[in-house]
Amino acid sequence: MENKEAGTPPPIPSREGRLQPTLLLATLSAAFGSAFQYGYNLSVVNTVFKSFYNETYFERHATFMDGKLMLLLWSCTVSMFPLGGLLGSLVVGLLVDSCGRKGTLLINNIFAIVPAILMGVSKVAKAFELIIFSRVVLGVCAGISYSALPMYLGELAPKNLRGLLGTMTEVFVIIGVFLAQIFSLQVILGNPEGWPVLLALTGVPALLQLLTLPFFPESPRYSLIQKGDEAAARQALRRLRGHMDLEAEVEDMRAEAQAERAEGHLSVLRLCALQSLRWQLLSIVVLMAGQQLSGINAINYYADTIYASAGVEAAYSQYVTVGSGVVNIVMTLTSAVLVERLGRRRLLLAGYGICGSACLVLTVVLLFQNKLSELSYLGIICVFAYIAGHSIGPSPVPSVVRTEIFLQSSRRAAFMVDGAVHWLTNFIVGFLFPSIQEAIGAYSFIIFAGICLLTAVYIYMVIPETKGKTFVEINRIFAKRNRVKLPEEKKEETIDAGPPTLSPAKETLF
């Protein structure tokens, strides 16, 4: 053993990465073109469309829609977006493998520009069907970008900036949501004359990404590990890091490539069957389900009712909504700054703690506000507190963790599972919450508080801190939890044991 250690070269010290101009601009180009338009499309569904649906129907049939038909068409308009997202999450694995991370983002712009044009002309064409169809296509675009963008940014970033760049997905989603809230104000574009422009604007970020992203490098990890092109990986690293001292990072990629060769190419079915990835897979399912089922969509759904109970007139509630958007942006940016200082676990636990507490207090407020009117103002505080808590942990941090806990070979399949869970739970909450709220009223928020608690307990018990660790180091941590041995550990045991015996060696799943 001593001889082996004496002959092993010392590890190459890694140089701390900095946010070089090329890395910064590549992040801005990718995130603005993908995450921004995702957040924008998430929020531009406006009640003014109902009037357009009714007017178009009247012109065709000389009668207005009944309530049931309007509800059906409106439900289709809203629900087509997460269903399209589910479809996009299922095809993203094929795209990122065959076209690369950057190539997938560029191709995905087609699914943003085409529906933007269709929605922009829907009023002139007098066809509300164009809006419903476009929502499906935009959902596909969002489903692809939601997985491909964190993958691209996570593989571009040095390990000490991986958290910061990983949260940029959520930062630009929130900025997109906020600008959609601004543009949707009745005095700007949220009116019968302006809404076609409101919808068509979703194609602008995609067009800007098409013009800028081709000038930035492909993921160096994709180039070296999946394509075997070390020269292209080194060239990309030189541009992203701004220096020539690349050996430590290249060596880390080689180690990951070696682990990938031992593990083999993984499909979704094989990923679900592997003991060596069991806790990683369960962790992203819990993180994604907890993100959606913890009540964020319900809070948004219930917000106007809470504002109205506090005496806020309907004409001014949209400005309170904009105020909540400001809180969302500020806390998400705070999370981006703190994620490399406090770590992933602390932000997740703090965020779920705040969200769960806000849900419990909000339940009390909704139950007793008729008896004590002053509680209505506490309801608004609860909404803002919940948004702040979700923005600091449950919203941005899972995008970082899901990239970090999988190696290159399993990341594609893992992101397909991750995306499917995200969009399915998104659809379930949007579809079922109105019925649940009608059945049990304010008590529905106790359910969300319970989900926050269970998710926080799982994070505390299972998910390790990944701050400052390489992908291979994180893989070793989970290997112990999964009770499997990595290939290099098996090799060391073989060397220590001396010459092999005649009995066959037991294979591990790695």
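Here, residue 1 is simply the first one shown, and the rest follow in order.
Glycine is treated like the rest: Cβ placed from N, Cα and C.
Features reported for this protein in TrEMBL:
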TRANSMEM  21-40  transmembrane segment
DOMAIN    27-467  domain 'Major facilitator superfamily (MFS) profile'
TRANSMEM  71-96  transmembrane segment
TRANSMEM  103-121  transmembrane segment
TRANSMEM  127-149  transmembrane segment
TRANSMEM  161-183  transmembrane segment
TRANSMEM  195-216  transmembrane segment
TRANSMEM  279-299  transmembrane segment
TRANSMEM  319-340  transmembrane segment
TRANSMEM  347-369  transmembrane segment
TRANSMEM  375-392  transmembrane segment
TRANSMEM  413-434  transmembrane segment
TRANSMEM  440-463  transmembrane segment
REGION    489-510  region 'Disordered'
Residue numbers, six or more beyond the limits of the transmembrane segment (161-183), whose CB comes under 8 Å of its CB atoms: 17-19, 23, 27, 31-32, 34-44, 146, 149-150, 153-154, 189-190, 198, 201, 205, 318, 321-322, 325-326, 328-329, 332-333, 335-337, 339-340, 344, 391, 395-397, 399-400, 403-404, 467
Beyond the flanks of the transmembrane segment (319-340) by 6 or more, those residues with Cβ under 8 Å of it: 160-161, 163-164, 166-168, 170-171, 174-175, 177-178, 181-182, 185, 303-304, 307, 312, 347, 380, 383-384, 387-389, 391-393, 395-397, 400, 467-468
Range from 71-96, 103-121, 195-216, 347-369, 413-434 with most C-beta pairs under 8 A to the transmembrane segment (279-299): 413-434
Predicted model, mean pLDDT over the domain 'Major facilitator superfamily (MFS) profile' (27-467): 87
Long-range environment of the transmembrane segment (440-463) - Cβ separation under 8 angstroms, sequence gap at least 6: 279, 282-283, 286-287, 289-290, 293-295, 298, 344-345, 348-349, 352-353, 355-357, 359-360, 362-363, 366-367, 394, 401, 433, 481
Range from 71-96, 103-121, 195-216 with most C-beta pairs under 8 A to the transmembrane segment (413-434): 71-96
Maximum Cβ pairs under 8 Å to the transmembrane segment (103-121) - stretch from the list 71-96, 195-216, 347-369: 195-216
Long-range neighbours of the transmembrane segment (71-96), counting only residues six or more past its ends (CB under 8 A): 41-42, 45, 49-50, 53, 65, 103-104, 107-108, 111, 128, 131-132, 135-148, 151, 222, 268, 412-413, 415-416, 418-420, 422-424, 426-427, 430-431
Contacting positions for the transmembrane segment (347-369) when only residues 6+ beyond its ends and CB under 8 Å are counted: 287, 290, 294-295, 306, 309, 335, 338-339, 375-376, 378-379, 382-383, 385-386, 388-395, 397-398, 441-443, 445-446, 448-449, 452-453, 455-456, 459-460, 463
